[in-house]
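Down below is the structure, laid out as structure tokens.
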């Protein structure tokens, strides 16, 4: 029983990391209607920034804050100088652009910092706490807590502020938003910047476990995309719940299903996607989008 | 976009279909001098014959290294061609093509090691990846938009640990090797020459059949599904069915390329179908030219030659260079390398005419962001015609 609870808590924490990445993807999709396959790569770049800064003697928390700011700037610049040109064109071309960006970032990180694994300092101690007779790791609890707080902040931004209102307006209808005098271009940059910041938080939290490599988040990207499909592209809450379900299920399957084990647990979201796509193609929580001809 | 005004929508869709039906005459009109040369009977029959004769002689006169490189280019040109069927012609981004190459290679290796008849092995190498592709597509194509990309990205990432796990069939991390292509006795050929002939013949047949496919009824249906799914379904063409069909054909061609891979490389491991290779295949396709037969050949050449060149300079630069090249091509030459001659011709023709007024800085096809929807669809057609 204790092992089971431990697995669930650990699953919740990895699920939170997927959820953050998936939310970043949904954020970009709602603003610009495309899937950013480079979201994980951009997050890895942020993690490298933190690693580089801490190696220069900066305290970890300060380095993370600096890296988050840098990520916002980087995300905004990518939107302005790379994606802007392809946003109104063919969505497939835009997707290929994000794949090119992923290749470029991975190649850049590999060239600059090699493809070797780098040790990454952990934000949380490696202790466990006993809770009702069950010991769970502080890191899992801390990771989950930080990401839940980040999500609540984001929700507050979207619901409670004028900036959030403007961002939502652009997401719903860019043309009408422009007619109302909103600076659509700049708001899209803000959206990409926020998504990059969210990805940076996810990368920093998961990097100690995975150790830092240029392809660190390739697997996590698959999980995040699975969460996006399962939750439905239109439902941020659905995406978060789906990510948690995936995190917990893969952890349980790795231990309790002998054939899957730890090396094949990446197949779990894939199987889930299959079942859901056959039974409920719009996702567990998504709405069916109806497009007029 | 759902937000486009209702009144303008039928117009755009009508102009899109008209653009697709009239694209052939307009393009032939603009290049009338070139096409009349191409229409002459001795050119029409002579050029392919000359090509075949050249390819038949080439393996005999080239060095062993050049033969090997050319054979590998052939292998990956076939893989890129498969990707082009689903992505270039049907407009569905697929990130899993390498998985089908790997699957085909494993089926071949396992069949050869078990001592099966080579014809049976080849048939299975076509069938098993095609069935796998069909199953994946049946699920993935149900969700519109980019779902195929989001699902197929998982194929290489699941495929590698799966291949390691099923070590009874795949030999685990060590992989499988199979030597089954040896030059027949009495032919006087070396093994590398024989391998290249096999790749040329099988790859040539696949290219021929695919070019017939995409020019015929199915190719037109693929083009409409790519252009506008709603128009396609209003014309009685089910986008779902044609997406599944395109993906299945792409998987089958991927399987054939896996067979050719075993002919040339004679060894496969889980690394064959890694995520990085899958991305490289897509990069090669876009740089060669999406929706183009010749572009697939160029893509295969890119896939093989660029890593060879960068490895000679600095192996860690390969990914960086590929990403940068892909973005540069998308910015400057969205049609890929295959559209380079046409883009150059257009620029040459325009520069004397546009000298009076302000000359536009770029070619129309490289500015997808500007213009109305109708104009956009036309430039897109020209780019992929």
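Cβ coordinates come from backbone N, Cα and C, glycine included.
On a predicted model such as this, the values are computed, not experimentally measured, just so you know.
According to TrEMBL, the features are:
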- B:356-374: compositional bias 'Low complexity' (COMPBIAS)
- B:1-32: region 'Disordered' (REGION)
- B:351-385: region 'Disordered' (REGION)
- B:42-62: transmembrane segment (TRANSMEM)
- B:69-89: transmembrane segment (TRANSMEM)
- B:119-140: transmembrane segment (TRANSMEM)
- B:146-163: transmembrane segment (TRANSMEM)
- B:196-214: transmembrane segment (TRANSMEM)
- B:244-267: transmembrane segment (TRANSMEM)
- B:279-305: transmembrane segment (TRANSMEM)
- B:317-340: transmembrane segment (TRANSMEM)
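The transmembrane segment (B:119-140) makes contact with the transmembrane segment (B:146-163): 3 or more of their CB pairs lie within 8 A, with pairs spaced 6 or more apart in sequence. The highest tally of CB pairs under 8 A with the transmembrane segment (B:196-214), across B:42-62, B:69-89, B:279-305, is held by B:69-89. Through the fold, the transmembrane segment (B:146-163) approaches residues 86, 92-96, 98-99, 102-103, 106, 136-137, 139-140, 170, 243, 247, 269-271, 273-275, 277-278 of its own chain, all at least 6 residues removed from its boundaries and within a Cβ separation under 8 Å.
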